[in-house]
Structures are given as structure tokens and as C-alpha cells.
Amino acid sequence: MSAGFQLGVIGSLALSVASSVAIVICNKALISTLGFPFATTLTSWHLMVTFCTLHVAQRLHFFEPKAIDGQTVILFGLLNGTSIGLLNLSLGFNSIGFYQMTKLAIIPFTVLLETIFLKKRFSESIKLSLLVLLLGVGIASVTDLKLNLLGSVLSGLAIATTCVGQILTNTIQKRLKVSSTQLLYQSAPYQAAILFATGPFVDQLLTNRSVFAHKYSAPVLGFIVLSCLIAVSVNFSTFLVIGTTSPVTYQVLGHLKTCLVLSFGYTLLHDPFTLRNALGILIAIFGMALYSYFSVREGKKKSANDALPVSQMPDKEAEPLLATKDSNDTKKANGLSHDC
């Protein structure tokens, strides 16, 4: 793994954390303070502004658009848009604690799907670090666990669509050799379209209020514009992180954001904060540190194995080794192998 690639990954992770924490603080002010609770509709605006920004960027030659099979990009965009709507519905029909459990379940479900369908192997060390992470986030954020049938079904659908969507984000970029920017540019209109069509109905179902009847004061409009601008960075960094790392790493990063938001909420907004929250955050950070350490260590081992000179092998084995190496590279290019 080259130094340039490592710096790129670190940069994408930092951008994702910073932009996500910023948009959570902005949206909290918009929803809680200014009384604008229409989260699904707001997300559709986020995606439309993201598409428009990328369209201007490609017209100015900041990146070259790449054609992607129409059916693939439409289904991918609709799937991601549906997962956002289902997550919002899950939050509306479940307790906060059960919703947090839904988000926690995304990591083990993603690991399960990648193990079964992509034949990816997760070491015992990685699994242990993920378990510590989930335990910490659970202690810090999960409170009540009230169950109901509709909420449970919505949560199950949200987990499935989110996991599949994130796995496809990684797979499509590798298989079709497209950048995160190119994929986001192609898929954003379809994600926005399904949320644009369903968002007002979902929001009215959850809030008993109409987004069309809301009084749009200057502060509300200002925070909506700010939220949309920050969302461009959030959406771009999401695709970038998943493409350069893995869906599981992105979910680990997501829980780091949760811990940071809880910490910022206490220090800046004076939200209620208990010893349990603090203990959970510390355990979660320890789990993230373990995950980072084991991921880097395994990545270095893999790089060392891949860099082993053929001259060190007996001559009669050199040709089969080259053939195997080419075969593995082809699988990686086709998205059949996903390594952190």
C-alpha cells in the first residue's frame, strides 16, 4: 500500500467525520431549534444539490464523467434512496433505543453478507474489535428497547437495503473501475427522485405536518441552504470512503461519528451526559483503535505477500504463480474480492 494511497484514505476518513459531525449539528439546529422536522424531504434536497454541484464540476473539467450501464445505476440509486427512507421510517416507528440497535446491526449483517456472497474472510481479531466497538456504542447510545411489529419489519428492511447498498457502492466502483465522484454523479438523481416523490408523504406520516404548509422564515432557509452545502461533502466522502476502504470500515467510522456527536452535544450544547455515556464512548473508541490496528497490520501482511519476488520461488513454480497472481488481480478488478 503506497504512502500516497494511505494519505488519500486518511484524508477521506477525516473529511467524512468532519462533514458528518457538521451536518448533524446543523440539522439538529434546523429540526430541534427552528422546528423543521422534514428529514426525508431535506435529504432529497441534499442529493439534488449534490448532483447540481457535481454537474457544474464536470462541466468545469474537475472530473470526467463515465457512462455506467443504465439499469445498474438506476437500480443502485433507487436502492440507496429507499434505504434512506426506510431508516427514517424506522426511527419514526421505533423507540430511539431500538433505532440505535438497528444501526448497530448493520455491521454484523454486512460482515455476514460479504462472508456468504463475496467469500470475504474476516479474521478473529477483526471480529473481536468489531464486537468491542458495538458493545461500547450500545452502552453509550442504547436506552429503551420497545418493540413493535411494524417497527421491527421496517428496521429489518432498512438494515438489508443499507447493507446491500453499501456493498454495491464498493463493488460497482471496483468492478466498473469508476471513481466515487463518477458513481455519485450518475446515481444521485435517482436517489433524489425517489426521496423527492416519497419524502413529503413519509414526513407527513411521521410528523402529522406538511412540508408544503411550513412557514419558511429566513433562518430556516439559511440553515436549509447550509445543510445542503455540507451534504455535498457528506455524500462525496461517503462514496469515497466506501470505495477506498470497505462497507464495514465505513460503518465503524459512522460509530465514531456517533461518539463525537454525543461528546459535542455534551460540551457545546450541554445535552444530558451520564457516566454510562462516557464509559460506552471510551469502550467504543478502544474498539475502533483495535479495528484500525488489526486492519493496518493485516493490510501490511497482504502487501508483503503480494510483493514477494517471483525469483525467490523455484523456476518450475514461477509460471503457475504468475498465473495465480493475474487471476487474483482480475477478481479484484471485477469486484469479487474486497479487502480493507
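Cβ coordinates come from backbone N, Cα and C, glycine included.
Curation does not apply to TrEMBL; its annotations are automatic.
The domain 'Sugar phosphate transporter' feature in TrEMBL is assigned to 19-292. As annotated by TrEMBL, transmembrane segment applies to 38-60, 72-91, 125-143, 149-171, 222-243, 275-294. The feature region 'Disordered' is assigned by TrEMBL to 305-340. Annotation source TrEMBL lists compositional bias 'Basic and acidic residues' at 326-340.
Mean pLDDT for the domain 'Sugar phosphate transporter' (19-292) in this predicted model: 91. Beyond its flanks by at least six residues, the transmembrane segment (149-171) meets 76, 79-80, 82-83, 86-87, 89-90, 93-94, 98-99, 102, 105-106, 109-110, 113-114, 118, 183, 238-239, 242-243, 246-247, 250-251, 335, 338 of its own chain at Cβ-Cβ distances under 8 Å.
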